[in-house]
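K.L.:
So Swiss-Prot says this about it:
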REGION    41-112  region 'N-terminal domain'
REGION    113-217  region 'C-terminal domain'
REPEAT    12-44  repeat 'TPR 1'
REPEAT    46-79  repeat 'TPR 2'
REPEAT    80-113  repeat 'TPR 3'
REPEAT    114-147  repeat 'TPR 4'
REPEAT    148-181  repeat 'TPR 5'
REPEAT    182-215  repeat 'TPR 6'
Amino acid sequence: MSSKPSNMLDEVTLYTHYGLSVAKKLGANMVDAFRSAFSVNDDIRQVYYRDKGISHAKAGRYSEAVVMLEQVYDADAFDVEVALHLGIAYVKTGAVDRGTELLERSIADAPDNIKVATVLGLTYVQVQKYDLAVPLLVKVAEANPVNFNVRFRLGVALDNLGRFDEAIDSFKIALGLRPNEGKVHRAIAYSYEQMGSHEEALPHFKKANELDERSAV
């Protein structure tokens, strides 16, 4: 595990921030400032890495987020925000098992955190753990009924579990949020097909093809 950020600008910013903090302490009490310099350094470093790592994750700079957040993650002093964003960064950089483990720890620590439930539910769909995804995404959909991605992925999970009626219901809610989303029409059609309802499937297949042709123009 690296002990330094990969970006030189981050390092310069960190020590500038540290220098300003020490300067303020020197103005108040020079002796105490020198005595506490090393502890201040550690405290500022931890806060800086945490904030910068979360910022990287939110901006989609997942490799940079991993470098920063690994410095501050502590399994014994659990910080849900750090674990959540480090978990996301792990998943996005291919370390899916490590990311899922952190997200599961996060939901155990904060079961009512909708953000954590959303990310973990979507991750479960990604890794095809559909039975684990459904209860989380149902909870999230109830809390945030206009989230298209949650409604669509909930439909995907239900469809893969053979719960086609429920899947179609979820897909139709997603379709109400984005009426011209071809993949939703196609998903509804496939669910109907698996139920043997060919007549119900046909208009959705046609609509999906029509939307695909329109987007290709």
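Every residue gets a Cβ built from N, Cα and C, even glycine.
Where in this structure would I find these features, and how exposed are they?
P.N.:
Computed over the region 'C-terminal domain' (113-217), the whole-number mean pLDDT of the model equals 95.
Secondary structure of the repeat 'TPR 2' (46-79), assigned with DSSP and counted as helix (H, G, I), strand (E, B) and coil, comes to 24 helix, 0 strand, 10 coil.
A Cβ distance under 8 Å defines the sequence-distant neighbours of the repeat 'TPR 4' (114-147), meaning residues of its chain 6+ beyond its ends; these are 80, 84, 87-88, 91, 96, 99-100, 103-104, 106-107, 153-154, 156-158, 160-161, 170, 173, 177.
Tertiary proximity for the repeat 'TPR 5' (148-181) is limited to same-chain residues at least six positions away from its ends with a CB under 8 Å from its CB atoms, namely 118, 121-122, 124-125, 128, 130-131, 133-134, 137-138, 140-141, 187-188, 190-192, 194-195, 211.
Mapped onto DSSP helix, strand and coil, the repeat 'TPR 6' (182-215) counts 31 helix, 0 strand, 3 coil.
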